[in-house]
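These notes are about the structure you will find just below.
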Amino acid sequence: MPRAHDDNWDLASSVGATATMVAAGRALATKDPRGLINDPFAEPLVRAVGLDFFTKLIDGELDIATTGNLSPGRAQAMIDGIAVRTKYFDDYFRTATDGGVRQVVILAAGLDARAYRLPWPAGTVVYEIDQPQVIDFKTTTLAGIGAKPTAIRRTVYIDLRADWPAALQAAGLDSTAPTAWLAEGMLIYLPPDPRTGCSTTAPNSVLRAARSLPNLSRALWISTQAGYEKWRIRFASTAWTSTWRRWCIPANAATSSTTCAPRAGTLRAQCGPTYSGAMVCPFPPHTTTIRSAKSSSSAVV
(Lines of atoms letter the chains of each structure in order from A and count residues from 1; the text may use other names and numbers.)
(Lines give C-alpha, C1' and ligand atoms only; values in the text may rest on other atoms or scores of the structure.)
Protein backbone atom coordinates (compact mmCIF):
# COMPACT_ATOMS: atom_id res chain seq x y z
CA MET A 1 0.00 0.00 0.00
CA PRO A 2 1.20 3.60 -0.51
CA ARG A 3 3.09 5.03 2.42
CA ALA A 4 1.81 8.05 4.29
CA HIS A 5 3.75 11.27 3.95
CA ASP A 6 4.92 11.25 7.57
CA ASP A 7 5.08 7.58 8.54
CA ASN A 8 8.15 6.17 10.29
CA TRP A 9 9.57 2.67 10.25
CA ASP A 10 12.60 0.49 10.86
CA LEU A 11 13.68 -2.98 9.73
CA ALA A 12 11.43 -4.60 12.33
CA SER A 13 8.23 -2.76 11.46
CA SER A 14 6.07 -1.45 8.64
CA VAL A 15 7.68 -1.45 5.19
CA GLY A 16 11.06 -2.20 6.79
CA ALA A 17 9.84 -5.62 7.89
CA THR A 18 9.21 -6.37 4.22
CA ALA A 19 12.92 -5.90 3.54
CA THR A 20 13.66 -8.33 6.37
CA MET A 21 11.13 -10.81 4.96
CA VAL A 22 12.79 -10.70 1.53
CA ALA A 23 16.22 -11.17 3.14
CA ALA A 24 14.83 -14.19 4.99
CA GLY A 25 13.64 -15.57 1.66
CA ARG A 26 17.12 -15.11 0.21
CA ALA A 27 18.62 -16.84 3.24
CA LEU A 28 16.32 -19.84 2.77
CA ALA A 29 16.99 -19.92 -0.98
CA THR A 30 20.73 -19.89 -0.30
CA LYS A 31 20.30 -23.07 1.75
CA ASP A 32 18.27 -24.69 -1.03
CA PRO A 33 20.27 -27.56 -2.63
CA ARG A 34 19.13 -26.37 -6.06
CA GLY A 35 21.61 -23.54 -5.58
CA LEU A 36 20.01 -20.85 -7.71
CA ILE A 37 21.45 -18.03 -5.60
CA ASN A 38 24.17 -17.60 -3.01
CA ASP A 39 23.66 -14.72 -0.60
CA PRO A 40 25.85 -15.46 2.44
CA PHE A 41 24.94 -12.11 3.99
CA ALA A 42 21.17 -12.54 4.07
CA GLU A 43 21.11 -14.80 7.13
CA PRO A 44 23.39 -12.69 9.37
CA LEU A 45 21.42 -9.58 8.44
CA VAL A 46 18.11 -11.24 9.33
CA ARG A 47 19.53 -12.44 12.65
CA ALA A 48 20.82 -8.98 13.43
CA VAL A 49 17.36 -7.47 12.90
CA GLY A 50 16.20 -9.79 15.65
CA LEU A 51 12.58 -10.46 14.68
CA ASP A 52 11.73 -13.80 16.28
CA PHE A 53 9.45 -14.87 13.42
CA PHE A 54 12.10 -14.54 10.73
CA THR A 55 14.88 -15.96 12.90
CA LYS A 56 12.84 -19.09 13.57
CA LEU A 57 11.91 -19.26 9.90
CA ILE A 58 15.51 -19.39 8.67
CA ASP A 59 16.37 -21.86 11.46
CA GLY A 60 13.70 -24.23 10.20
CA GLU A 61 11.73 -23.95 13.44
CA LEU A 62 8.70 -22.41 11.76
CA ASP A 63 6.46 -23.84 9.07
CA ILE A 64 5.53 -20.87 6.89
CA ALA A 65 2.74 -22.87 5.26
CA THR A 66 1.05 -23.49 8.62
CA THR A 67 1.78 -20.06 10.05
CA GLY A 68 0.65 -18.17 6.98
CA ASN A 69 -2.34 -20.43 6.27
CA LEU A 70 -0.86 -21.35 2.90
CA SER A 71 -0.58 -24.65 1.10
CA PRO A 72 2.97 -26.09 1.12
CA GLY A 73 3.18 -25.47 -2.62
CA ARG A 74 2.32 -21.80 -2.31
CA ALA A 75 4.64 -21.31 0.66
CA GLN A 76 7.53 -22.75 -1.32
CA ALA A 77 6.48 -20.67 -4.31
CA MET A 78 6.95 -17.50 -2.26
CA ILE A 79 10.52 -18.51 -1.40
CA ASP A 80 11.20 -19.66 -4.96
CA GLY A 81 9.83 -16.37 -6.23
CA ILE A 82 12.29 -14.39 -4.12
CA ALA A 83 15.13 -16.62 -5.31
CA VAL A 84 14.24 -16.22 -8.98
CA ARG A 85 13.74 -12.47 -8.66
CA THR A 86 17.13 -12.19 -6.98
CA LYS A 87 18.84 -14.26 -9.67
CA TYR A 88 17.10 -12.34 -12.44
CA PHE A 89 18.35 -8.98 -11.21
CA ASP A 90 21.81 -10.37 -10.40
CA ASP A 91 22.07 -11.43 -14.03
CA TYR A 92 20.80 -8.03 -15.13
CA PHE A 93 23.70 -6.33 -13.37
CA ARG A 94 26.20 -8.81 -14.78
CA THR A 95 24.91 -8.17 -18.29
CA ALA A 96 25.04 -4.41 -17.78
CA THR A 97 28.61 -4.45 -16.50
CA ASP A 98 29.68 -6.89 -19.22
CA GLY A 99 28.43 -4.22 -21.60
CA GLY A 100 30.64 -1.59 -20.05
CA VAL A 101 28.37 0.02 -17.44
CA ARG A 102 30.36 1.01 -14.35
CA GLN A 103 27.74 2.96 -12.41
CA VAL A 104 24.86 1.32 -10.55
CA VAL A 105 22.00 2.80 -8.51
CA ILE A 106 19.88 0.66 -6.17
CA LEU A 107 16.74 2.46 -5.00
CA ALA A 108 15.52 1.58 -1.49
CA ALA A 109 18.47 -0.77 -1.03
CA GLY A 110 17.29 -2.11 2.33
CA LEU A 111 19.13 -5.35 3.15
CA ASP A 112 20.28 -5.84 -0.46
CA ALA A 113 23.89 -7.06 -0.28
CA ARG A 114 24.74 -6.97 -3.98
CA ALA A 115 27.45 -4.37 -3.35
CA TYR A 116 29.16 -7.04 -1.22
CA ARG A 117 28.46 -10.30 -3.00
CA LEU A 118 28.45 -9.72 -6.78
CA PRO A 119 31.75 -9.88 -8.72
CA TRP A 120 31.78 -6.27 -9.89
CA PRO A 121 34.40 -5.22 -12.45
CA ALA A 122 37.15 -2.96 -11.13
CA GLY A 123 36.04 0.65 -10.87
CA THR A 124 32.30 -0.06 -10.61
CA VAL A 125 30.50 2.38 -8.32
CA VAL A 126 27.34 1.16 -6.57
CA TYR A 127 25.05 3.81 -5.08
CA GLU A 128 22.68 2.59 -2.38
CA ILE A 129 19.75 4.86 -1.54
CA ASP A 130 17.79 4.41 1.67
CA GLN A 131 17.07 5.91 5.06
CA PRO A 132 20.13 6.54 7.27
CA GLN A 133 19.22 4.01 9.96
CA VAL A 134 18.74 1.26 7.37
CA ILE A 135 22.03 1.88 5.59
CA ASP A 136 23.96 2.25 8.85
CA PHE A 137 22.46 -0.97 10.21
CA LYS A 138 23.53 -2.94 7.15
CA THR A 139 26.98 -1.35 7.03
CA THR A 140 27.66 -2.01 10.72
CA THR A 141 26.31 -5.56 10.65
CA LEU A 142 28.33 -6.61 7.62
CA ALA A 143 31.48 -4.92 8.91
CA GLY A 144 31.00 -6.89 12.12
CA ILE A 145 31.33 -10.20 10.25
CA GLY A 146 34.29 -8.98 8.23
CA ALA A 147 32.43 -8.39 4.96
CA LYS A 148 33.83 -5.84 2.54
CA PRO A 149 32.19 -4.34 -0.56
CA THR A 150 33.28 -5.80 -3.89
CA ALA A 151 32.61 -2.46 -5.59
CA ILE A 152 33.08 1.19 -4.72
CA ARG A 153 30.04 1.56 -2.47
CA ARG A 154 28.53 4.99 -1.99
CA THR A 155 25.59 5.41 0.36
CA VAL A 156 22.92 8.06 -0.08
CA TYR A 157 21.06 8.83 3.13
CA ILE A 158 17.58 9.92 2.11
CA ASP A 159 13.97 8.82 2.10
CA LEU A 160 12.66 8.31 -1.43
CA ARG A 161 9.78 10.66 -0.64
CA ALA A 162 12.33 13.47 -0.48
CA ASP A 163 14.50 14.92 -3.28
CA TRP A 164 16.61 11.83 -3.80
CA PRO A 165 17.76 12.73 -7.35
CA ALA A 166 19.49 15.82 -5.95
CA ALA A 167 20.99 13.79 -3.12
CA LEU A 168 22.26 11.24 -5.61
CA GLN A 169 23.91 13.95 -7.69
CA ALA A 170 25.48 15.39 -4.54
CA ALA A 171 26.87 11.94 -3.67
CA GLY A 172 28.80 11.94 -6.93
CA LEU A 173 26.59 10.34 -9.58
CA ASP A 174 28.09 10.99 -13.00
CA SER A 175 25.18 12.05 -15.20
CA THR A 176 27.33 11.59 -18.30
CA ALA A 177 28.04 7.90 -17.63
CA PRO A 178 25.65 5.04 -18.52
CA THR A 179 23.94 3.79 -15.38
CA ALA A 180 22.16 0.57 -14.39
CA TRP A 181 19.19 1.39 -12.15
CA LEU A 182 17.24 -1.05 -10.00
CA ALA A 183 13.84 -0.55 -8.35
CA GLU A 184 13.15 -3.97 -6.85
CA GLY A 185 9.89 -4.41 -4.99
CA MET A 186 9.52 -0.82 -3.84
CA LEU A 187 7.38 1.18 -6.28
CA ILE A 188 4.12 0.11 -4.64
CA TYR A 189 5.13 1.73 -1.36
CA LEU A 190 5.53 5.21 -2.79
CA PRO A 191 2.94 7.90 -3.43
CA PRO A 192 2.82 9.19 -7.03
CA ASP A 193 5.03 12.26 -6.70
CA PRO A 194 8.30 10.48 -5.72
CA ARG A 195 7.77 7.95 -8.51
CA THR A 196 7.71 10.76 -11.03
CA GLY A 197 10.79 12.56 -9.72
CA CYS A 198 13.20 12.76 -12.66
CA SER A 199 16.93 12.39 -12.76
CA THR A 200 19.23 13.05 -15.67
CA THR A 201 21.01 9.94 -16.87
CA ALA A 202 23.27 9.24 -19.80
CA PRO A 203 22.41 7.49 -23.08
CA ASN A 204 22.52 3.68 -22.84
CA SER A 205 21.41 3.72 -19.22
CA VAL A 206 18.99 0.97 -18.21
CA LEU A 207 16.35 0.49 -15.53
CA ARG A 208 14.71 -2.67 -14.31
CA ALA A 209 11.95 -2.96 -11.78
CA ALA A 210 9.48 -5.54 -10.51
CA ARG A 211 5.83 -4.61 -10.81
CA SER A 212 2.73 -5.96 -9.10
CA LEU A 213 0.69 -8.72 -10.69
CA PRO A 214 -3.00 -9.55 -10.24
CA ASN A 215 -3.59 -12.70 -8.18
CA LEU A 216 0.13 -12.90 -7.42
CA SER A 217 -0.09 -15.75 -4.92
CA ARG A 218 -1.75 -18.10 -7.40
CA ALA A 219 0.49 -16.90 -10.21
CA LEU A 220 3.59 -17.72 -8.18
CA TRP A 221 2.31 -21.16 -7.28
CA ILE A 222 1.36 -22.07 -10.83
CA SER A 223 4.54 -20.70 -12.34
CA THR A 224 6.88 -22.65 -10.09
CA GLN A 225 5.34 -26.02 -10.84
CA ALA A 226 7.51 -26.53 -13.92
CA GLY A 227 10.66 -25.59 -12.02
CA TYR A 228 12.97 -22.65 -11.68
CA GLU A 229 13.81 -22.24 -15.35
CA LYS A 230 10.22 -21.84 -16.52
CA TRP A 231 9.54 -19.47 -13.63
CA ARG A 232 12.52 -17.40 -14.61
CA ILE A 233 11.34 -17.14 -18.22
CA ARG A 234 7.90 -16.03 -17.11
CA PHE A 235 9.25 -13.61 -14.54
CA ALA A 236 11.36 -12.00 -17.23
CA SER A 237 8.17 -11.07 -19.03
CA THR A 238 6.85 -9.19 -16.01
CA ALA A 239 9.87 -7.00 -15.45
CA TRP A 240 10.39 -3.97 -17.61
CA THR A 241 13.40 -2.28 -18.99
CA SER A 242 14.15 0.51 -21.40
CA THR A 243 16.97 2.61 -22.73
CA TRP A 244 16.51 6.33 -22.92
CA ARG A 245 18.22 9.73 -22.79
CA ARG A 246 16.48 11.43 -19.89
CA TRP A 247 14.86 9.24 -17.29
CA CYS A 248 11.81 9.34 -15.05
CA ILE A 249 10.16 6.46 -13.19
CA PRO A 250 6.70 6.17 -14.77
CA ALA A 251 3.91 7.19 -12.40
CA ASN A 252 1.91 4.11 -13.38
CA ALA A 253 4.77 1.60 -13.23
CA ALA A 254 3.36 -0.30 -10.26
CA THR A 255 -0.23 -0.57 -11.44
CA SER A 256 -0.63 -0.40 -15.20
CA SER A 257 -0.93 -3.54 -17.27
CA THR A 258 -2.52 -4.91 -20.38
CA THR A 259 -4.52 -8.04 -19.64
CA CYS A 260 -5.07 -10.94 -21.97
CA ALA A 261 -7.87 -13.46 -22.09
CA PRO A 262 -8.64 -15.64 -19.04
CA ARG A 263 -7.06 -19.06 -19.20
CA ALA A 264 -9.39 -20.99 -16.94
CA GLY A 265 -8.92 -24.23 -18.85
CA THR A 266 -5.15 -24.11 -18.54
CA LEU A 267 -5.34 -23.21 -14.88
CA ARG A 268 -7.81 -25.99 -14.18
CA ALA A 269 -5.42 -28.49 -15.69
CA GLN A 270 -2.57 -27.18 -13.57
CA CYS A 271 -4.50 -26.68 -10.33
CA GLY A 272 -6.65 -29.78 -10.45
CA PRO A 273 -10.36 -30.49 -10.97
CA THR A 274 -11.42 -28.44 -7.93
CA TYR A 275 -10.36 -25.19 -9.60
CA SER A 276 -13.31 -23.64 -11.42
CA GLY A 277 -12.61 -19.91 -11.52
CA ALA A 278 -11.43 -17.82 -14.43
CA MET A 279 -8.24 -15.89 -13.98
CA VAL A 280 -6.68 -13.10 -15.97
CA CYS A 281 -3.39 -14.24 -17.48
CA PRO A 282 -0.79 -13.21 -14.87
CA PHE A 283 1.92 -12.56 -17.44
CA PRO A 284 0.45 -10.16 -20.01
CA PRO A 285 2.35 -7.94 -22.42
CA HIS A 286 3.03 -4.65 -20.73
CA THR A 287 3.70 -1.24 -22.22
CA THR A 288 5.63 1.19 -20.06
CA THR A 289 5.98 4.79 -21.16
CA ILE A 290 9.22 6.55 -20.29
CA ARG A 291 8.49 10.25 -19.96
CA SER A 292 11.04 13.04 -19.96
CA ALA A 293 11.22 16.77 -20.36
CA LYS A 294 12.57 16.44 -23.89
CA SER A 295 11.09 13.29 -25.32
CA SER A 296 8.85 10.29 -24.73
CA SER A 297 9.27 6.67 -25.69
CA SER A 298 7.68 3.37 -24.81
CA ALA A 299 8.73 -0.24 -24.66
CA VAL A 300 6.70 -3.44 -24.61
CA VAL A 301 8.19 -5.93 -22.20
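Residue 1 is the first one shown; counting continues down the chain.
Each Cβ is built from the backbone N, Cα and C atoms, and glycine gets one as well.
Taken from Swiss-Prot as is:
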BINDING   D130, D159, L160  S-adenosyl-L-methionine binding site
Checking the spread of the S-adenosyl-L-methionine site as listed (D130, D159, L160): what is the longest Cα-Cα distance, in whole Å?
7
Measure from the Cβ of L160 (S-adenosyl-L-methionine binding site) and count the other Cβ atoms within 10 Å, all protein chains considered.
22
Local backbone state of D159 (S-adenosyl-L-methionine binding site), from DSSP in three classes
coil
Can you check what DSSP calls D130 (S-adenosyl-L-methionine binding site), collapsed to helix, strand or coil?
strand
